[in-house]
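J.: Annotations for this protein, taken from TrEMBL, read as follows:
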- Gly98, Ser99, Gln115, Gln116, Phe117, Arg118: GTP binding site (BINDING)
- 1-10: compositional bias 'Basic residues' (COMPBIAS)
- 11-34: compositional bias 'Basic and acidic residues' (COMPBIAS)
- 24-179: domain 'C-CAP/cofactor C-like' (DOMAIN)
- Gly2: N-myristoyl glycine (LIPID)
- Cys3: S-palmitoyl cysteine (LIPID)
- 1-34: region 'Disordered' (REGION)
Amino acid sequence: MGCFFSKRRKAEKESRPEKEEEQPKQYSWDQREKVDPKDYMFSGLKDETVGRLPGKVSGQQFLIQDCENCNIYIFDHSATITIDDCTNCIIFLGPVKGSVFFRNCRDCKCTLACQQFRVRDCRKLEVFLCCATQPIIESSTNIKFGCFQWYYPELAFQFKDAGLSIFNNTWSNIHDFTPVSGELNWSLLPEDAVVQDYVPVPTTEELKAVRVSTEANRSIVPISRGRRQKSSDESCLVVLFAGDYTIANARKLIDEMVGKGFFLVQTKEVSMNAEDAQRVFREKAPDFLLLLNEGPVIALEFNGDGAVEECQLIVNETFNGTKMFVSESKETASGDVDNFYNFADIQMGI
């Protein structure tokens, strides 16, 4: 006596038309949109203005090569970007999750944000930079750096998509792999350098759709003095703890202090543990331990005569009820700054 189900399957197979074949299985990766490398490349261009609008790169790798006298704008986040053999170009790069690598380029002006920045075999580059790690130059000359200064509505979200913090910017802490005795292969741009004079806003109809501003007070990345010589012996450390309004509060405090004539020297966003808190906050550490569990802290260093007193005044008046660490006195402030940034740089591998 045969099995009913086996007979049924046999009957179904025999009744199937001879030309009908079983369709191959469809998997999710088979249905992904195919990536055309040409969509993520500018190559061999001359005297052109080109770019990619927000949403057109979406975290892919990008290549720029053999371009001359071109204006190039990437208004999106990407994985990595390599720029090879370009001459006399203006380049804007939105946030790059990994590295930006310039090779054999000359006479270029750039504004960009990235995790890692490297230059090799280049000469005469002027770069407004936001870089999470120490920028590196190698076998290069006349490389000048300034602080990133740029805004468009999508930029803040692109920083998040690229995994970059607007507060982690070591733009002026340059390492030269191939120093020459008695010479300096890099320098800082003048403090009053106007980014628009170096990397102007695009004027083509397509790229004008991106609402760009290069005004200092609108820059997504806070404009810091970095390693320029400080104007005063007095600095003040302010540490803001994670919460719904931490970034907004940091921006407001920066605006208030800069508006009163003080300088923002550096910023940092890092996670802290109890040991770090003890080192930085000393006897006040117990007041902040629970707050450290909420997420990374944001630290700001301000410089100028009277910075400590003014910081305390603004925090007490404007942010009353919001817990922050502020240096207690001019005498302790320098140690606060050194303790915090030493630990933060070690944590970030700088």
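We number each residue from 1, going along the chain as drawn.
Each Cβ is built from the backbone N, Cα and C atoms, and glycine gets one as well.
TrEMBL labels come from automatic prediction, so no person has curated them.
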J.: What are the non-local neighbours of Phe117 (GTP binding site), defined as same-chain residues 6+ apart in sequence with CB under 8 A from its CB?
T.: Ser99, Val100, Val127, Leu129, Cys131, Thr133, Pro135, Ile136
J.: Would you mind pulling the longest C-alpha to C-alpha span across Gly98, Ser99, Gln115, Gln116, Phe117, Arg118, which the record has binding GTP, in angstrom?
T.: 11
J.: Restricting to the same chain and to sequence separations of six or more, state which residues have a Cβ under 8 Å from that of Arg118 (GTP binding site).
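T.: Expected: Ser99, Val100, Phe101, Phe102, Pro135, Ile136, Ile137, Glu138.
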J.: Beyond Gly98, Ser99, Gln115, Gln116, Phe117, Arg118, what residues of that chain have CB atoms within 8 A of the centre of the GTP site's CB atoms?
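T.: Going along the sequence, the neighbours come out as Thr80, Val96, Val100, Phe101, Cys114, Cys131, Thr133.
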J.: At a 10 Å cut-off from the C-beta of Ser99 (GTP binding site), count the other C-beta atoms across all protein chains.
T.: 17
J.: Other than its own, how many Cβ atoms are within 10 Å of the Cβ belonging to Gly98 (GTP binding site)?
T.: 15
J.: Mean pLDDT across the domain 'C-CAP/cofactor C-like' (24-179), rounded to an integer, is what?
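T.: Summing pLDDT over the domain 'C-CAP/cofactor C-like' (24-179) and dividing by its length gives 94.
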